[in-house]
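Following: one structure in structure tokens, then a few remarks.
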Amino acid sequence: MTDEPQSDEQQTTEQERPLGTKRATRADGLRRPGVRSGLAERRSPAADSVRNGAAAVRRFLLRDVFALGLMIAALVIVILFFTLLGATKPTSSGTGIPLSQVFTLARDRAIVEATLLDEDARVQVHTRDGAEYWAAYPSSGAQTATLSSALERGGAIVAVKQQPGKAQVTIVVQFLLPILLLVCLFALFMRIGQDGGAGGIASFSNFTGRGRKKGKGTAHRVTFADIAGVPEAVAELAEIRDYLDDPSRYLDLGAAAPKGVLLVGPPGTGKTLLAKAVAGEADAAFFSLSGSDFVESLVGVGAARVRDLFAKARRMSPAIIFIDEFDAAGRKRGAGIGQGNDEREQTLNQLLVEMDGFSGDGGLVVMGATNRPDILDPALLRPGRFDRQITVDTPDVHGRSEILRLHGSKRPMAPDADLDEIARLTPGFSGAELANVVNEAALLTVRGGRREISQKLLEESIDRVVAGPAKKHLLTERERWIISIHESSHAVVTEAMGTGATARKVSIVARGRSLGTAAHMLTDRDQTIMEEPDLVMQLIAMLAGAAGERIEFGHLSTGVHDDLHEATSLARSMVTSFGMSDELGPVTIGEKSGEVFLGASLQDLGAVGPKTLDLIDDAVERLVKDAELVARAILRINIDAVHETAHALLEHETLSGVALEAVLSTVTTVEPEHFPELRERERGSARDRDA
């Protein structure tokens, strides 16, 4: 390998370099001469801020001729000020002495000639020995006459120098030029502030978000081709794009395009990405900002920014205004407990007026994105403002497969990588989480020095996204056996119920706060509606770990905490939300309150009496205990499979694929209709053991 730097065609960036390859280095371990070190590229943040600010001001001045003229005028005033400043200084030559000494020299007849400077209020004297002095005297007429008389009595020749024009120059330098300079600077700062880009006095009340003029953006824009898994949302937004491109198709039929489109969905489902795609495809101006940008510490700033934003958008019509995290600006009015001012309400009121004012906005579309539509003000959601609400939910198994293919197409995938199986392994994942799975797999590929992303690394990345990286801390043999029994019980019970959800991986490797995992693979179709038997089987599977520990050791460990918490929460939902209890019947208890200040997330149990609360607790306890009894009965039938799986886990730590199928092949299947019989049998056995 030579020490010569590579040519431009040979050099590649980190993004272009294939996965698993390393940056080229010299044989002695040093970088090539053409590569700068990280230390050489470090710059001061303060210097960068000053440099960026200066560049912004320079671009603004070149764009605004009036501001450039103000800047030139200010420079001329400064130059003129320093030029005339010397002319206003008092004229003085010789040595300065007190005025009393001048009177003494005059009495001694030592002064030959004296000159009175009228504007400077100074006297210059020449003595008989050739010395030259000056002294300041009061500029009143009486003092001047007294000094002149004393000099004449001393035999000096007295002259008065008028200094014409010096008073006017002094006024110009001391008063006029500073005022003109302040006026120019004030006008310049106001001009910069109104532009909104370089900062300034008016920038508080101006729209400061991101925007671009009419056009389809740069070559790196986001389009609908970059979106997968949400075909319904894409179809709805494509209609908005078509209207902005050719409104005549809709106007000929008397159809009016929606004034506002609200994207609603959980975090990470692609709401912001959809807005970027509309901006990338529509031939319209695009303005983007966050709902929190409207709220400032200064009262009235939010409303002013709303007015400025809509004014700019109307001037550049057709235009799209996108407000991310819309709930920050559109929260319900009138319920702000402890609210110190009505700044948020002023902002919302101005937004309501702008979206449905007296003037028609034919080419203006407002898009908002939020994951909390329940706290938005109802006035925003009525037709005429946000006419259309588009729900962007987590993708189903087919949508997940499309999203994984979209991200996988940008990376080298190994032949064994099955993205359809990864889609089945990730129920409930959002688009952002799926992108993170593929990215984690790519990072693991680079870490292992490989060139392609394999199926094993994709499955490992799922575990990393769900539970975190694996921990390498040491456990005692007793602790490892407890965890093995716990996770094996989950896998065996899930396999025995035969619901179509089979265990795909069991591990005793600790991740995050979990000491082990028993992941399950769903069928090729996500279940949309859950029936009561489905939820009961979920309860049984959740409590299988606790049941296995109770059978094997006669007591529970702290490792069942998360399982008990999830099972209790599910049982309470079955009783209070789904009406699946004999004690209360088909009723819903604990509607969510509408307190906006509290986030509308607390249950309102004020109208529920203590007797009903006791019934709820009894029903929840019955569901949980019955589910554990069934889990114990299933485990007693398949206790040999539990032990075989646990011993395999102690040896290999993780079981999946063929190895897991082998240890679970002896599991006896139990049909749901036999659950009541198993429950009563286990309850009777428990009574016999207690007796």
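Count begins at 1; order follows the chain as displayed.
Any Cβ shown, glycine's included, is placed from N, Cα and C.
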His486, His490 bind Zn(2+) per Swiss-Prot; candidate in Asp416, Asp418, Asp420, Asp563 listed for that same site: Asp563
- request: Measuring CA to CA, name the entry from the recorded positions His486, Glu487, His490, Asp563 that ends up nearest Thr269 (ATP binding site).
  value: Asp563
Query: For Gly268 (ATP binding site), which residues in the same chain are close in space, meaning a Cβ under 8 Å from its Cβ, but six or more apart along the sequence?
result: Ser430, Gly431, Ala432, Glu433
Query: Could you tell me the C-alpha distance between Thr272 (ATP binding site) and Asp563 (Zn(2+) binding site) in angstrom, no decimals?
result: 35
Statement: Across all protein chains shown, the binding-site residues Gly265, Pro266, Pro267, Gly270 give the max Cβ-within-10 Å count at Gly270
Message: Please list, in sequence order, the residues in the chain of Lys271 (ATP binding site) that are at least six apart in sequence and whose C-beta is under 8 Å away from its C-beta.
response: Leu263, Val264, Gly265, Asp324, Ala369, Thr370, Asn371, Val392
Field: By Cα-Cα distance, the member of recorded positions His486, Glu487, His490, Asp563 nearest Pro267 (ATP binding site)
entry: Asp563
